Amino acid sequence: MWGKLSEKEPFSQYQLDLYAAAIMGGKKPITTTDPNKLEQEARKAMSPDSFNYVFGGAGDHASQLPSLQHLFTPDTPLLIAPIGVQPAYHADAETGVASACASLGVPFVYSTASSTGLEAVAAAADAAAPATAKAPRWFQLYWPLDEEITASLLGRARAAGCEALVVTLDGNALGFGDAVFRRKFAEKFDGDAVEDNVMVASRFWTGEVFSGHAHCWEDLATLRRLWGDGPIILKGVLSIDDALLAVRSGVDGIIVSNHGGRQLDGAVLSLEMLPEIVEAVGDKPAVLFDSGIRTGADVLKALALGAKAVLVGRPVIYGLGIAGREGARHVLAGLLADVDQSMGLAGVQTVGELNRSMLRRINYGGDIKSSL
């Protein structure tokens with residue numbers, strides 16, 4: 001099988017452990033294992049503002065709706081998507097999710113919009129990782145216009161052990177914890193700290209990072225110089241033209257993503273574009289996928305359509321909102337178990353055996369609103 005909770009246990013063991021706890025000890029799971037009910041439980045457990053923020057999508061949520069037309073006819077890579085302001089959902093916040101990921105060996109992608117400092121999150125992840133393993137982590141960048149601020153963010157990410165850089169192309173965020181930004185703010189506003197005037201600091205940060213002046217493809221050379229020889233991955237690619245430009249720019253990977261339907265309502269579904277982009281770019285750069293993943297079968301469908309890895313976001317945050325770190329870990333472990341079982345039920349032992357011949361495109365209303 002692709003992955004294990006330990007050297008001896010497959011991920012599917014987690015489901016058996018839940019059964020044993022219920023049958024022998026009458027102990028229920030910390031939260032539901034049903035992807036349809038997870039959202040409902042999160043709505044009850046979280047404050048309205050917190051739930052609406054993580055659940056929210058653009059317009060009438062048309063781009064957030066799942067694609068139910070891909071069904072299976074019958075060892076998968078999984079990462080946690082970058083998600084900011086996690087204290088809005090639970091006090092465990094980014095350190096809770098990062099440590100849950102580390103305990104399972106799943107890469108955590110730290111968001112520029114995180115409310116908890118990168119160094120603290122990295123330390124929590126390392127503390128939760130098995131003694132014989134390293135807590136894998138990547139860094140997601142909302143690319144500032146100011147090169148000095150960009151260099152500071154990337155330097156901190158490398159120092160904190162982030163192995164890859166994910167550059168988001170399709171959205172923005174707020175945050176002003178970086179030391180260089182704080183210095184520049186003080187220089188501009190007569191020595192004030194950002195805490196002295198949060199609203200002004202927010203507008204200043206927005207002007208620096210989201211000035212309305214977009215970066216161009218040629219700017220990637222500067223980013224490569226600042227980041228070094230680590231992988232650079234562009235997140236938010238939804239067209240073949242952009243995918244081919246990414247190939248020519250020399251990046252190491254692209255993530256086919258519509259930002260979970262949060263930015264432009266009516267945008268094309270990520271799953272619709274995935275096979276076309278894979279076919280257009282071939283094996284380089286690596287193509288990853290996110291948006292709409294809820295079940296193990298969803299993960300396998302994306303891999304069968306050519307994705308090398310899959311990112312998951314909202315379900316883990318729902319788990320965080322319901323029960324903190326342990327809730328996030330429960331959702332993630334359950335998804336890994338579902339992947340493991342789905343591979344067995346589909347008759348495959350390795351990810352390399354997955355291919356498009358295992359899928360059929362049909363019109364199916366379905367009863368699982370969250371599957372792809």
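Quick reminder: no glycine exception, Cβ is built from N, Cα and C everywhere.
The active site, proton acceptor annotation in TrEMBL covers H259. The feature FMN binding site is assigned by TrEMBL to 82-84, S111, Q140, T168, K235, S257, 290-294, 313-314. Taken from TrEMBL, the feature glyoxylate binding site covers Y142, H259, R262. The domain 'FMN hydroxy acid dehydrogenase' annotation in TrEMBL covers 1-364.
This view paints the features noted in TrEMBL onto the structure.
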| residue | record | DSSP class |
| --- | --- | --- |
| P82 | FMN binding site | coil |
| Q140 | FMN binding site | strand |
| K235 | FMN binding site | strand |
| D290 | FMN binding site | strand |
| R314 | FMN binding site | helix |
Other C-beta atoms that fall within 10 angstroms of the C-beta of R294 (FMN binding site):
22
With every protein chain in view, what's the tally of Cβ atoms within 10 Å of the Cβ of P82 (FMN binding site), excluding that atom itself?
24
Please compare the binding-site residues G84, G292 by how many other CB atoms fall within 10 Å of each one's CB, and tell me which has the fewest.
G84
